[in-house]
Amino acid sequence: MAQSTPKIAPSILAADFSRLGEEVNAVPDADWIHVDIMDGHFVPNLSFGADVTAAVHRITDKKLDVHLMIENPEKWVDNYIEAGADCIVFHVEATKEHVALAQYLRAKGVRAGFSLRPGTPIEDYLDDLEYFDEVIVMSVEPGFGGQSFMPDQLDKVRTLRKVIDERGLDTVIEIDGGISAKTIAQAAEAGVDAFVAGSAVYGAEDPNKAVEELRALAS
Ligand code: DX5
Ligand code: ZN
């Protein structure tokens, strides 16, 4: 089981971009703001980049959890460090240098994370967990918000929980995709610490209330 109060990270991918500042400030009880960066190559969708990330950083005190769904993340991370990211999470499928990149990020004073597509096994990365502050388990194919939760990805969470606890690491397990009032409890049960929620937060009438409800259901 996850050890501390569950963290909720609303994804601004599901926000109304024409009112982005208001949407970020509409979730005062969120722990982090999840920022989804898509390049139209690693995933078949394009979102926004470092300038929008910096603009979000300027209007909130919240920590930015930046999820890079982009090719060659090593080429771009400096832009996101400069934009004010607290944690930068890149995909292991997008780089051959995941440990070196994590070491680079930590040396620059940001938290380092990796993420994996649903089809990528976690076993190949367990030996490297000590280099990472966060792992994002994707519970949908990355690229779009509003997709259905893939419960089979919880096996990856259980494996991570066991290894992280056995080794006494403090790597945060985050889950991303299809998290809602219907799915969050099973993810919490499997050992998730932090939950990304896009449509479940920004599709709700009261986004901040949705954050509180999700946290209560995960507790
Ligand atoms: C998907 C993104 C997610 C997405 C989640 O590629 O990484 O962060 O915004 O959206 P929901 O919560 O609607 O599945
Ligand atoms: Zn994401």
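Any Cβ shown, glycine's included, is placed from N, Cα and C.
Note that the structure is predicted; figures quoted are calculated from it, not measured.
Per TrEMBL, the substrate site holds His67, Gly143, Phe144, Gly145, Gly146, Asp176, Gly177, Gly178, Gly198, Ser199; the candidate it also names there, chosen from Ser11, Ser18, is Ser11. Taking only the Cα positions, the spacing between Gly143 (substrate binding site) and His67 (divalent metal cation binding site) is 11 angstrom. For Gly178 (substrate binding site), the number of other Cβ atoms no farther than 10 Å from its own Cβ, over all displayed protein chains, is 25. For the substrate site listed in the record, the two most distant Cα atoms among Ser11, His67, Gly143, Phe144, Gly145, Gly146, Asp176, Gly177, Gly178, Gly198, Ser199 lie 16 Å apart. Within 10 Å of His34 (divalent metal cation binding site), judged by CA to CA distance, lie the following binding-site residues from the set Ser11, Gly145, Ser199: Ser11. Contact annotation for recorded positions (Asp36, His67, Gly143, Asp176, Ser199) versus ligand 2: Asp36, His67, Asp176, each with CB under 6 Å from a ligand atom.
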